[in-house]
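Per TrEMBL, these features apply:
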type    : residues                       : note
BINDING : CYS323, CYS325, CYS328, HIS354 : Zn(2+) binding site
DOMAIN  : 12-385                         : domain 'tRNA-guanine(15) transglycosylase-like'
Amino acid sequence: MKFFIKSISKNSGRLGQLRIKDSKELETPLLLQTTKGGSIPYLSADVFGMVTQEQQVLQLTLCTMDQMAESLAQWNRSLGAYVGYPEYNTLLLLRDPCEATPTGGNDRDVVPLFTRRGKESLTVERYLQLVSSFAPDVYQGLCDADTNPESTKKRVQKSVDRTERFMEHCYKQHRELDRLKDSTLLAPIVGGYNTYARTQSIKHAREQPKGSYGGYIFEGFHTNGLPATSLSPSQLLPIVEHCLQQLEEELPRLMPGPFTPVLMLELIRLGVDVFDTSYAYCAAVNYKALTFSYTIDKKEHSAFLDVTDEAIKEEFKPMLEGCKCLACQKHTRAYVHHLYKTNELLGPILLMIHNLHHYMGFFDVIRQSIAMDQLPSLLDYVRRQNMPNDVNYCIEPNTKVVGKAAMGKGFITAAN
């Protein structure tokens, strides 16, 4: 994996180009396509091809795909081809950023992997065996990321110490495993909300020989899922800025998780390069169509359209007027509301089509704003719009349930 910086702005972050193996150059800030079980939630490859025809990077998760390891070990083509996207590069994470990861289960030499079949305790040897079976283009090193804003200093220090032990083994084995010789390792930076612990984690990574890893991934700020949508910017941003000041500029920085649009813009301004679409998914499964405006010369909108709202049952207009996505071009608010009321699977399909289209358009505008050094203006514009919980864009869980299969989230019936 190669990363090139095109420009750096004091006020707007940085633009770059990322090349994974022999793929074409991808512009950063980059949006990864979050998957579940190797598939983009609710969408087939053909349908996703109607959302975008541009080159994408799939963000795969071991906790939703571990059962595929045995067959993948016999697979002699790319991981992208195995999941139906042969032209896409792949990045393998341990945890699913779309769902809250249970806490606990950590021990001195193991990290818990929460799968559909239950919890598995992963040693570093077992983790690398699984990753070797997958042979992804990029993967994260094993880490103890079970920390959040409420974690104690003792718990944070344990996460750093365990991660250092895990990574000593990862750095060594990464160079020796044949199926990983063409893969890129990401160094995890952990340490919760403790600047000293984060510095220790960064120092350990930077002490490794040059070429041991190809980028950084920030872990341990949240436990994924909806809790990540309500993080406090005033608490998170100083820690991230402290970390970025200690990292070399020539390596990409990744932050997985469903960060709100405002918080994501703040992180981009600080210098984070790669994010994912888990926020678009979390909005969809909580009955929300993203409607915030990111074009400054157009009128402002509310953050979401709540498709459970009875007020839209006779609104025969798109979820977002002017949107060019397939869902908005062919269907109305009233129809999507009807799909919610009848618990039809087409409902989440249309929401995912719209939310992904909207979020990818948002990132196009972000890159344009950085190029013109106007990211602060975009940030102020997005922040001014009518957001739940003000600047946080927090996705409030909807308590309505439709049918037994709704599992407390309505449209979530077939997400996995």
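Glycine is no exception: its Cβ is also placed from the backbone N, Cα and C atoms.
Owing to the predicted nature of the structure, the values given are computational and were not obtained by experimental measurement.
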### Message
I'd like to know the mean pLDDT over the domain 'tRNA-guanine(15) transglycosylase-like' (12-385).
### Response
95
### Query
Near the Zn(2+) site, what residues other than CYS323, CYS325, CYS328, HIS354 in the same chain have a C-beta no further than 8 Å from the centroid of the listed C-beta atoms?
ALA289, PRO318, MET319, LEU320, LYS324, LEU326, ALA327, GLN329, ILE353, HIS357, HIS358
### Query
What count of other C-beta atoms do you get within 10 angstroms of the C-beta of CYS325 (Zn(2+) binding site), across all chains shown?
24
## Note on the structure
Close in space but at least six residues away in sequence, with Cβ under 8 Å from that of HIS354 (Zn(2+) binding site), the same-chain residues are ALA289, LEU290, MET319, LEU320, CYS323, CYS325, ALA327, CYS328
